[in-house]
Structures are given as structure tokens and as C-alpha cells.
Amino acid sequence: MEPAFPASSAGVQSQSGPEPGAGQQEPPPPATPLRPVASQSRFQVDLVTEGGGGGDGQKGQTAAQPAAAAKDKDRGDGGAAAPSPASPAAAAEPPAAAAEEAKGRFRVNFVDPASDEPPLSSQQQPPPPSSASSAHGGHQPPSESMNGYPQNGDTMMSEGSLHSSGTGAHHYYDTHTNTYYLRTFGHNTIDAVPRIDHYRHTVAQLGEKLIRPSLAELHDELDKEPFEDGYVNGEESSPAEEAVSKHVADNKGVVKFGWIKGVLVRCMLNIWGVMLFIRLSWIVGHAGIGLALLVIGTATVVTTITGLSTSAITTNGFVRGGGAYYLISRSLGPEFGGAIGLIFAFANAVAVAMYVVGFAETVRDLLVEHNALMIDEMSDIRIIGSVTIVVLFGISVAGMEWEAKAQIVLLGILLLAIVNFTVGTFIPANDKRAKGFFNYRGEIFSENFVPDFRDGEDFFSVFAIFFPAATGILAGANISGDLADPQLAIPKGTLLAILITTIVYAGAAVSVGSCIVREATGNLTDAIIPGTVTNCTNVACKLGFNFSSCATNKCSYGLMNDFQVMSLVSGFGPLITAGIFSATLSSALASLVSAPKIFQALCKDNIYPGLHVFSVGYGKNNEPLRGYVLTFFIGLGFILIAELNVIAPIISNFFLASYALINFSVFHASLAKSPGWRPAFRFYNMWISLIGAILCCGVMFVINWWAALLTNVIVLALYIYVTYKKPDVNWGSSTQALTYLNALQHAIRLTGVEDHVKNFRPQCLLMTGAPTSRPALLHLVHAFTKNVGLVVCGHVHTGPRRQALKEISTDQAKYQRWLIKNKMKAFYAPVYAEDLREGTQFLLQAVGLGRMRPNTLVFGFKKDWRQALMKDVENYINAIHDAFDYQYGVVVIRLKEGFNISHLQAQEELCTSQEKSAHPKDIVVNLEHSDADSSKPSSKSVSETNSPAVCQDQKDEEDDGKASTQPLLKKEVKDPSVPLNMTDQKLLQASSQFQKKQGKGTIDVWWLFDDGGLTLLIPYLLTTKKKWKDCKIRVFIGGKINRIDHDRRTMATLLSKFRIDFSDITVLGDMNTKPSKDNITAFEEMIEPFRLHEDDKEQEASEKMKEEEPWRITDNELEIYRMKTYRQIRLNELLRENSGTANLIVMSLPVARKGAVSSALYMAWIETLSKDLPPILLVRGNHQSVLTFYS
């Protein structure tokens, strides 16, 4: 029998040779079976070979299955066991029928990588019920007959493998002769059922990435060669898969937080800052209870909208570390993300200093109160702040787990302080009445409900003071990488934190406004003796105290004057001080942790290349120790300044800029209508998010207008920098989605616009083949289409279909990336066809979208047409005819040295491979190439000889489409002992000549025939470009000798109406003069090999030859077009005489009548017309006007 496919994945050696007999003992399985890596759950396909002519009824077997096992496994009755040779059923089944049944079948074996146990052999595997029953000849109970198998056919899937029974064994399924496994969907095909592991990134945090079968594996013909290593397409443990395994292993033991400890606690601690204890009472005093609640409510509206937007973004896919930077960058792209990420990380680093200085100031006030200053007030702040940040730095470096424990302790202290304040409002305040505290009083509430702004304060200034307290809502999101489930934790924790803290702020505002009067002296002597008549009318007088002296003298107590009102009201004053310490330290600790995490994520993305050193993480939690050190020194520096009144508003604006962009991200993503924008969190609205973004921007200017302007300038500067650097990332941002949507909408809108001559643009289908192989052709066409018209680089792939289609799939991204990297505003369009003509026809008909379709076909001249196969020449000329048929304009460009440098690229690649080889051999490359044939790569003949290598010593580069011609175009020959030959040197220089500034020269336009104006429009467009602007246009036209002046004036008038500048007009009156004999002779010698010479042959022979070789030139044809031939020869003489020194020649392309002029004669005309000249464009429009003098 034929050798079958090896199946190393099963751990069974492949077998070939004669089939063993029925009684032959089965070889034992190897002790250590081969298995795929942990990151694979793959499959293999075994061909079932045709059975031999034996009489035992066996239908053949796979190599992975021993013969004895095959007899038990291969059964044709759908479920019964295969009969043994001795059974009647075996004799009853005809061998021919068995062999016929086996034809065309293949067996799908699935490999479970999750199990460490060796596979069961065929004898060890428990059979299905029908098999067991039949084999043992009797009925067994269901529990026994199903021994080793799941009870239901749909329970075969396990977490480790799609096709594992969960018992640790690998099962091999014959899905065509065994219908048992058809009960479980997905077990009878290599097609994969839907599974989450197929959608993971290469290195996923929640599991391993599995690779589904490719479309080619399902659709292509089955290869006759065995799969390498037993895996489909020879799949092995790739570097990416090894990285997955390593990443999963490294993640063991990582500390992850839930929504309470990770988000809720952090957000509440950051929002409950010192504002709650030392500024809220002052706000109520000025704004009154009513406006104070409005201030809190307005801030809550902004933070709630931002929280909703944050929730929408975080539930639209898996969230990694980086907080606000990650959310914005993955939504709006690297430009906004890079700008915000840097300032947001810096803002958090400086916020550490702000909170620590707030703590130090509180400690300093205690020292002043007890007369215990160390040096002076400012120096004490620096000393206390420095010691504090060192302690906080030690906690953060110790790890997130220790930091989280410290936050829990601080939250406990803070909650005790809030409870202490609440209880204190109910304790009778007999000894505190002189300081303005009277417990809950309706009169005090009524008086304090209305505002009483003083000292130039107003609603907006009070709001500006309060709002920074609400900027802690992203404290949980900032450590998104350390959350167990960010998609659940961030929305739940953030929104709940906003709700709780808002209730506490509002409750505290109402409490202090209901208990304490605005001003109090603190003197018990101001108590009103009952029966005494006073002139005061405020609520304090009604409560027994006359504080009217505060109207003229500065008082120290009351809502307006005392920042320590919370301590006054509380049941135990020192606990409020501890609460202030807790609020400042917890906020400082949260910022100290957030800043390095955000900065690390920013550096990992390599948005700013110089900062990549800070992306390194340490330990199981990937702690950014370098970022901690940087944040420590930034915070320490601002602590030593000890004056944060100037920097504080800028920091608040940095936070608000981040919130504005988060809101805008949701609006932008919703506006783009990307199918990928589908957040699991549904309670958001794109217009509310837009309002939130506008509110954030408004609040920025309310807090401090100059700080808002400075923030916007910094963000804009960073945005421009990142845009200019163009980081090589692709995150599927909403910016890309909206760009697509706008392009789609505008393309559709454009289809309803009728063409107009004033809006004509040359839109070129440029037959470059691989764009890297003809750079000069691409640069020249790009010069007159850049920012004006469309360029599509057509590439016709020929040869074996399967190979060509694979090349197309890889070349599409490769060459489009090369065009972008080389700043070519062009598209790449590959197509598969039998030959160049067919491929060009496909492109002419199909390329483009709506009005964005090519209207001009551009070819490079086929320089080697006389040596090439005439079939290729016929295809080349017919492609030009096809373009005219499709109403395209045609441009044929000729460069004396040629365009095709693919043989130099091939030579470079061979040199590179030679340098990499352990035993380098001398290689000689013999190449024959064409400048026009873009249907296939140049033919190569590679031979190993002892001659010196003809290659340059150049640096090896990966063949990824990134400027692969740049080494050839920019590097000089470094090794003089192996130079390029003279022809290749000239070709190499010519390939880059259109990349240089052309300098002062001329563009000679030979506008011999009116084609609609394309021959004149192209040179005009060239002169508008920077590299060609110093060139002057000279126009040459045909005319009569006796009307030269008249023809010149007529043309000058026409050009002036077209608004086209020119330096000179030349009228050629001797165009129809007979060319020189030498040139005529040269032409005749050139076409001699292509002539039919029918007069020298019998009529039947000549007709047969003409039918077989239609490209040949007949004597009759040559005679009919003799004058046209002479014209081409004469024009070449005039061109060399008048335009031999021009920078560029643009000339009307002669048109050959289809079916009348042979391909060889037409090529000879073009060859004769354009030889021995500077770069020349032979142009023929489609005879529709492209110029107009009407407005």
C-alpha cells in the first residue's frame, strides 16, 4: 500500500511497507509521545489509503494507526465494530467495495495539548457502546458500555482542548466511518468552533492564544506531502507562542485587585481630600447652602459624565495598564494619547508634591500652635515634606499589595473622621457657642442658605476652589493593569465612589451650614444677657450672642473665617486632624503609584523613543521601579520649592484636559459608527459626552484662564510632535474609523457630481509591477500627480495560480507600506492574470471607486522588445489598444538607461544570503530584464562559480517592504574590488534622477496633435512642483513654412487663454522632409527580423505564417504606412536637433489603427521616435478636453 502521512502528534511512529498480517502483534507506543507546545490546540489530517486485495475486508489504514487497531477502528456500518477475519461479516463484505469506500477519505485527528498523559493506544481505548457490545457478544449496562466516555456526545469539549475528553487521554477520531463522534458538533471537521482563545492577542493576560485553521488549510487542495512534525503546515512552537507560554507562567502569583480595593477605595480617598475638612465650610460661608450644593452638583455632573464615558471605553474591550493614557490613546490614537499621557503622568507626579506639602503645612501649623518649630515655617515644610515622600516612596516600592493595605488603613481613619464630625453635630455645644456653633438650627439654615460673597469672590471663583477636589475619579482607572477585571471594576467602583463622595460632600455642606453662623468672635463676653436691648438683627442675636463687632473688626471664627470648623464641630478634634493627614497622604500615595504606571504604559508604546528606558518592569507585578524613582525626584523637587500656588491651577487643568478628551473619545467613537465600538456599558450618550467635554474645557477657563491657555498650547505642541514623528502603531482608533467614514461619505457624494473640464485631474494607472523595481517611473508620475490626482500602481502577477495568490496577499501590505514610508501618495493594486494584457484589462475595468477612478494608463517603454518573446510584445501593444478602447489616455515613458532595477535588488539579496551563509559561494547572476513587463519578475539564472562575486558590501535589511530600494538609491559602492558594471551604474544613477531638484532647464512640449490637452497639462503640472519649478516650458508645433509667424501667434493666444506660461514657441515647417538615408537604413535593419516577406513565399505558406504570427510586418503594410514611418524617423532627427539638452520631453504619441498596424511596426515607430533622447513622455489623451479657457 502507499505510505500514509506521519502522525507524530499522536506519539505513534509512521509505518510504511507491507501491511502486517491479522495476527501480527501490535508494537507498543513510545514511552514519551511527541506533543505540541502548550499554546497549541491543533489538528492533523491523515489520508486513508486504498485497501489491498486481501480478503479480510480491511479497507486500509493510516500510518498513525497500526494494522491490528485499524481492523477494529475502520468500520463501514456507522457504529458496529469492524468484523474480525473469522467472523461471517468479514467474508460477506467484498474487498472491492471496501476499497471503493476508502477512496477520497481522510481522517481528522485532534491533538489535546492540555494533557500530560500519553495517548491511549487502539487496544487501550474504551470502545463506544455499540462496538463494545458487538465485540463482547452480549449486552452490557450503560454505565459499563460507556466506560471512559462522556455520557452525552456534546460534552467532549474541555478548557484545554476543543477535542479532549477531559480524562487526560488524546482521542483520535475516524469521522467518516464512525458516526459516534458525529453526535458532537465540531468533531467531524478541522474547522474550529467559536472559542474565546482564538480572539486573544499574541500575549494575553487572561489565557493563551489559539490559532484557528486558516482559510487556505480548509479550502486548498490537500497536499500530498506529509505535514512537518505532524502539525498542519509544519506549525511548531513559534516565538509568539513561546512568549504566550512564558507570559502565562510569569503571571502566576501576580497581585490583582477587585473593584472595592482597587477602584472604590482609591477614588474615594482621592476625592475626599483636604477640601472636605478645611475648605468646604468656607465655600458654604460665601456661596450659601444653596449655591454650595450647586457647586457640588455642577462638579458632580462633570465627573459623572466623565465616569460614564470612562465606563463606556473600559467596557469596549480588554483594558491594560495605563489608565487615562491607555483609554485615550486606544480611542483617539497615539497623537492625543501621547500628548495627554505625558502631561497626565507629569500632573500626577507634581500632585504628589501638592498633597505632601498640604500634609506638611498641617503639621507645621500644629508645631506653631505648640511653639515647636524646628527652623522656620518654610524650612519645616521642606523637612517634613521630604521625610514624608521618602516614607511614601518606600511603601510604593514595596509593592502594590502593601500600598493597597496602607490605603485601607488611611480610608479607615478618614471614615472615622467623617463619623466623628457627624456625631459632633448632635453633641450639645454649650461651650462652643461663642465660636458660632449652635447645633442644628432652622434659623441658621435659613440665613446661610443664601450667598454672601465678600472680598471679590463670586460663584466661579468659589467653584474654581472646590473643583480640584473632584479630580480623583481616575485614581482606580490609573492602575487598570493591576485590576483583576477592569471592565467590571472601573465602571462599578468609579460611579459608586462619585455617588458616595457627592452625598458626603452635600451632607457636610448642609450640616455646617445648619450649625454654624458665618462670623463669630469667640469671646464669651459677647453673650447677650437676657432682658438686654440690642440693635443686632442676625440669627446669632436670637441665639444669645452679639457678633456685630465682626462687621468692623476681623473675627477669627465662623464659616467665613475659621478653616478648622470641622474640628470645632467634631466630637474629638484630633481625629479630624488625623483625617486631614489621612486624606493628604492617601491622595499623595495614589498619585505616587499612578504616575509611574501611566508613564510606563506610555514608554512601552514607544511614542517618545528616548523614554523607552522607563518601560522596564520588575517583579511579578511588573513594577515600574525606574518610574517610581523619577516620580520621587519630581515630587521632591517641587516639595523643596514649597510654593505651589502657581503650579496648582496648571495641574488641575492637566487633569481636566484628560477628562475632556475621555469624553470626546466617546463622542468621536460614536460619531465614527465603527462596528468595533460596542461597549457593554449601555448608560452613555454621545451628545452627553460631548457636553461633558465642553464643560471640562469651560471649567478649565473658569479655574484659571491663563493656565487653560498654557495647557492647550502644551497639548497642541505634543500633538504636533507625535504627529510629525508618526509612531509605528495601529490601535484601531476612532480617528481611523472616522477617516474611513468621511472618505466613504465623500466618495458617495462625489458619485453624484457630473464630470467637468475645469475639475479634470490626471488619475493614473501606473503599470510599475512591484513599485520598488521601477522607482524612477513612480517618482516621475508622482511628480505631476502629487496632491492633484490619483496614482494606482498596477502589478500583474502571472505563473502558478496558487503561488501568485499567496504573493498577492503578502505584497498588498508590503508594497503599500513601502509607498507610505517613501512618502508616495499612491495605491498598490495587484492582480492575478494569465498574461500582462489580461491583467491590464482587469485593472482598467475594476480599479477605482466611483469618481476616484484612473483615466490615464502609464507604461514604461519595453526596452528589450527586440529580444523578448513576441507574444509579450503583442500583449504590450494590445494593452495600449485596450486602454484606448476603454477611453483612457495613454502615456509611454522612456528613459535611455531604462527603469527596471529589480536585477540589482536580486543581486543585493543574493549577496546578503551569501554573507549569512556558513560556507559562502561565489554567485554570478545573469539577468534579462524589461522595463515594461510588469507581469512577472525578471528571469534569473543563478550559477555557482569560482569567479568573484559581483555584489556590494551592503547592510542586510529585512524584506518587509520598508524602502527596499533605499540601499541601492542612497549608498555608494564601498568595495572598489567588486564594482557594478558601467551599465548598472548608469541605471542606478538614472533611477534616482527624478528625486533631485531639476535646476534651470527646459521641458520641451511637442504638441503635434490635439488630444484634448493632456500633452500640455502634464508639463504644466510638473512646473508647479518644487523640484521642477525652475524649468521653463518650450512648445513645438507643426506648421507650414509660409505661415510660421501666424501659427506661432495662434498658439501663443491659445496658451495665454489656458493661463499656461511658456518661454518659447517653435513652429516646425520641415516635418515632412524625407529623413536621411542612414536613418532609413537603420530602421529597415531594425524591422528586418520581424517582416513577413510574403512576396518571397507561396501564398498558402505566407497566410499560414501571418495567422500564426500576426505581429509580423507585411510588405503591403509597410508600403501603406511608409510616409508615417518616415515621419517618425524625421521627428527623431528634429528631437535630437532641438531638444537634445532638455530636462524632459513631452510629445504626442502616434496612434496605430487596430487591426491594420502590426505590433512589431508600432513598436518600431515608438522605438525610432524616442531613441537616443533625454527622458521622454509619449502622451495621447482620450480626445476629451482637459483644458478650458472659460471661467
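Every residue number used here counts from 1 along the chain in the order it is shown.
Using the three backbone atoms N, Cα and C, a Cβ is placed for every residue, glycine included.
For reference, Swiss-Prot has these:
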- 1-166: region 'Disordered' (REGION)
- 1-258: topological domain 'Cytoplasmic' (TOPO_DOM)
- 142-155: compositional bias 'Polar residues' (COMPBIAS)
- THR175: phosphothreonine (MOD_RES)
- THR179: phosphothreonine (MOD_RES)
- THR184: phosphothreonine (MOD_RES)
- THR189: phosphothreonine (MOD_RES)
- THR202: phosphothreonine (MOD_RES)
- LEU269, TRP272, ALA583, SER586, SER587: Na(+) binding site (BINDING)
- ASN270, ILE271, TYR355, PRO468, ALA469, THR471: K(+) binding site (BINDING)
- GLY273, VAL274, MET275, PRO468, ALA469: chloride 1 binding site (BINDING)
- 309-339: topological domain 'Cytoplasmic' (TOPO_DOM)
- PHE344, GLY472, ILE473, PHE655, TYR659: chloride 2 binding site (BINDING)
- 477-491: topological domain 'Cytoplasmic' (TOPO_DOM)
- 597-624: topological domain 'Cytoplasmic' (TOPO_DOM)
- 665-687: topological domain 'Cytoplasmic' (TOPO_DOM)
- 719-1191: topological domain 'Cytoplasmic' (TOPO_DOM)
- 929-972: region 'Disordered' (REGION)
- THR1114: phosphothreonine (MOD_RES)
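Around the Cβ of PRO468 (K(+) binding site), a 10 Å sphere holds 22 further Cβ atoms from the protein chains shown. For the pair GLY472 (chloride 2 binding site) and MET275 (chloride 1 binding site), the C-alpha distance works out to 12 angstrom. For TYR355 (K(+) binding site), the nearest of the binding-site residues VAL274, ILE473, SER586, SER587, PHE655 in terms of C-alpha separation is SER587.
Largest Cα to Cα distance within the recorded chloride 1 binders GLY273, VAL274, MET275, PRO468, ALA469: about 11 Å as a whole number.
Listed in sequence order, the residues LEU276, ARG279, PHE466, ALA583 complete the 8 Å Cβ shell around the chloride 1 site centroid, once GLY273, VAL274, MET275, PRO468, ALA469 themselves are left out. Of the chain residues outside the Na(+) site list LEU269, TRP272, ALA583, SER586, SER587, MET268, ASN270, ILE271, GLY273, LEU410, LEU411, LEU414, GLY472, SER582, THR584, LEU585, ALA590 have their Cβ within 8 Å of the site's Cβ mean position. Neighbours of SER586 (Na(+) binding site) among the binding-site residues ASN270, GLY273, PHE655, defined as a Cα within 10 Å of its Cα, are ASN270, GLY273. Only PHE655, of the binding-site residues SER587, PHE655, TYR659, have a C-alpha within 10 angstroms of the C-alpha of PRO468 (K(+) binding site). When the CA atoms are compared, the recorded positions lying within 10 A of SER587 (Na(+) binding site) are ASN270, ILE271, GLY273, out of the candidates THR189, ASN270, ILE271, GLY273. Using GLY273 (chloride 1 binding site) as the reference Cα, a 10 A cut-off selects none from the recorded positions THR189, PHE344, ILE473, TYR659, THR1114. When Cβ-Cβ distances below 8 Å are used as the criterion, the topological domain 'Cytoplasmic' (309-339) is approached by residues 205-206, 345, 473-474, 477-482, 486-487, 490-491, 494-495, 594, 597-598, 600-602, 605, 607-608, 622, 658, 661-666, 668-669, 676-681, 683-684, 689, 692, 714-716, 718-719, 722-723, 727, 729, 731-736 of the same chain, each at least six residues removed from its ends. Within its own chain, the topological domain 'Cytoplasmic' (477-491) has Cβ neighbours under 8 Å at 255-259, 262-263, 266, 307, 310-311, 314-315, 318-324, 326-327, 348, 400, 590, 593-594, 597-598, 601, 621-622, 680-681, counting only residues six or more beyond its boundaries.
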